[in-house]
């Protein structure tokens, strides 16, 4: 299965080449494929903040490489690079406050600096750590894809119609994707007949990005208005909703793209199973419940301009980027460490704190 998954991979969003970070500008997709070359930390932070790169895992990976660029700058300046680098940690951390993977990646990079041996080259060590973060995310996605599709097969063995929301594919990660990784694996195994994708306003990650990814691989995909998704569950024989996560609290509450919560409510009402696919790095045991997850809000301009035409001048806008889906609406969380059905605090703590022999 792993070899087939790798052979099917066609999309990548992050490249580290020649000492620079190259990001596929996702604001322009699908009409234009343009790569941004970032050679300093300010450019990386701007790319994260302005959503040229997005998706929790991809943000964390980009931030790790951003710290490598920051360190290179600080060393060239010749001052107290350890103290100066703290400003760069803060700059990156503030770029997107909801993504748990961002803070996980920054903390892992900080820990690597703290563990440096006197004889080590600090820049080479930090670069190697960023590459390791990138590689491990891709491997985690491959593992989750296989686990997720086996779970779907266990519940129902024939080809099915799945619903996804937002974009949790290769564009949102180090490669292959989380939710879309499961869907890709399912299609290769003959378990997925059709994928329905919600448009995901206001940035249209579903119609612009998920639709583009799946169509590129020949996977049958139908785009739907966000307002049609409950009707879709009622009429189209959907068996699973499969989504990614930006942050998972200790009790299993999950922050996802705005609209995910109402999707979970509809799924519960219609008897459709709800699967969250996310690496264990998205779980933050320091956040007791979803109420503790900081939820980003963005500028009103994202709603007040439609194709260059002003919309309702003078109105106020509520523009949250994420909402919280309570754990009791989630049937299963799939991670690279294992599957948690009917998630709660005890199960997630056991998953995250489980000791490994290798």
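Here the Cβ of each residue, glycine as well, is placed from N, Cα and C on the backbone.
Swiss-Prot names 54, 55, 56, 96, 256, 257 as substrate ligands; from the candidate set 17, 146, 147, 205, the record adds 205 to that same site. In this structure the C-alpha atoms belonging to residue 96 (substrate binding site) and residue 246 (active site, proton donor) are separated by 11 Å. Under the three-state DSSP scheme, residue 246 (active site, proton donor) falls in the coil class. The subset of binding-site residues (55, 56, 205) lying with their Cα within 10 Å of the Cα of residue 246 (active site, proton donor) consists of 55, 56, given in sequence order. For the substrate site, the Cβ centre of 54, 55, 56, 96, 205, 256, 257 serves as reference, and the other residues of the chain with Cβ at most 8 Å from it are 59, 99, 166, 167, 168, 172, 244, 246, 321, 322.
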